[in-house]
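> I have a structure I would like to understand better, so I am pasting it below and will then ask my questions one at a time.
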Amino acid sequence: MDLLAELQWRGLVNQTTDEDGLRKLLNEERVTLYCGFDPTADSLHIGNLAAILTLRRFQQAGHRPIALVGGATGLIGDPSGKKSERTLNAKETVEAWSARIKEQLGRFLDFEADGNPAKIKNNYDWIGPLDVITFLRDVGKHFSVNYMMAKESVQSRIETGISFTEFSYMMLQAYDFLRLYETEGCRLQIGGSDQWGNITAGLELIRKTKGEARAFGLTIPLVTKADGTKFGKTESGTIWLDKEKTSPYEFYQFWINTDDRDVIRYLKYFTFLSKEEIEALEQELREAPEKRAAQKALAEEVTKLVHGEEALRQAIRISEALFSGDIANLTAAEIEQGFKDVPSFVHEGGDVPLVELLVSAGISPSKRQAREDIQNGAIYVNGERLQDVGAILTAEHRLEGRFTVIRRGKKKYYLIRYA
């Protein structure tokens, strides 16, 4: 199976320009390609992951990827897929975000590969010094307003309005493609399905300035969920690639909770498992869905890819401890990850009666209720059921001297921190 055929089997091709020409080029030459990532936050998120991993797939097939950080375009704002005008971010903010995103992208590509090392570029390097007159003469002259108005990213904003700033975005992205074509021999741009208009604008600029040049575009479909909710969002917010914003445990849990209807598609999109391995998991899903083997494989592969082996091991340990109730063997760092979003209470002082702590931490509404909860076996301390209403929590109940985990009932957890 050639690269394009594999991408199609994985469901990673939404649209291409001249599919036959692109297949021929990929099969005959080492192709330089790029994908752009605008810094709209201080971290990339899992919505960016399909594009990042597609760059990696191209590199593994022998091609040369360029990850382009949009230090300049991030100052402007892409109207694609947006119903209203973006808020402009300060230059210093975008610079800081660009540096963070550059570091994140570096984890997924090989910069030492023999013959096809990856590169990371920042389009501020060439758009920043560009003066208005040069831009209008060398780029703007090649775009008619009629052509730009016909693009979906503009059409969708006709009613609500679009500023000249965002209207000009596609010309800046087109200029990126031309610049990389000239300086790096870049022949292919890939991006999300909402980037089709911007990608074809780049091809148009290359054609008008370079004649019948062979350059191509490929878009990746928008990742969807069978239940209709937005991919990459949970009740607690966006799933980020930065472990400080989304812990490896939360990240692992996101994937392990994948719907049966989505899991095989996600294995194709987000893992490097072979066709045979994925088909075996698909068969197991049909025959024994309760084992959730496909979800476990997905969660393990993607967590390892993004956060590494050790973070994966920690995420699995936390998951198993929470499932079994065996909290006492977790490290303080693992407890902090696993209980990041549960209610927490800071206890100042030494030993404390359990009844008193349950009330002061808001776990039980009154001392009477606290005693009832304890007597009824509803209170667990570090995974151990305590039914002694006279129990005193001492230093022995502090995990690594920092935390006590209290559970009320089957699932309601509370984290006690010690000042």
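Placement of Cβ uses the backbone N, Cα and C atoms for every residue, glycine included.
Reproduced below are the annotations present in Swiss-Prot:
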type	residues	note
BINDING	Y34, Y169, Q173	L-tyrosine binding site
BINDING	K233	ATP binding site
DOMAIN	352-419	domain 'S4 RNA-binding'
MOTIF	39-48	motif ''HIGH' region'
MOTIF	230-234	motif ''KMSKS' region'
> Let's see if you can do this one: DSSP helix, strand and coil counts over the motif ''KMSKS' region' (230-234), in that order.
0 helix, 2 strand, 3 coil
> Can you tell me the mean pLDDT for the domain 'S4 RNA-binding' (352-419)?
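Over the domain 'S4 RNA-binding' (352-419), the predicted model scores a mean pLDDT of 92.
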> When you measure from the Cβ of K233 (ATP binding site), which residues in the chain that are at least 6 apart have a Cβ under 8 Å away?
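Sequence-distant Cβ neighbours: I239.
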> For the motif ''HIGH' region' (39-48), give me same-chain residues lying six or more residues beyond its boundaries with a C-beta closer than 8 angstroms to one of its C-beta atoms, as numbers and ranges.
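Residues 69-71, 74, 86, 89, 94, 96-98, 100-101, 104-105, 223, 231-232, 238-242, 245, 254.
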> Would you mind checking how many other C-beta atoms are within 10 angstroms of the C-beta on Q173 (L-tyrosine binding site)?
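Summing over all protein chains shown, Q173 (L-tyrosine binding site) has 28 other Cβ atoms within 10 Å.
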> Quick check: in three-state DSSP terms, what is Y34 (L-tyrosine binding site)?
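Assignment for Y34 (L-tyrosine binding site) reads strand.
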> Count the residues of the motif ''HIGH' region' (39-48) that DSSP assigns to helix (H, G, I), to strand (E, B) and to coil, and report the three numbers in that order.
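Counting residues by DSSP class gives 3 helix, 1 strand, 6 coil.
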> Per DSSP, how many helix, strand and coil residues does the domain 'S4 RNA-binding' (352-419) have?
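Final tally across the stretch: 19 helix, 23 strand, 26 coil.
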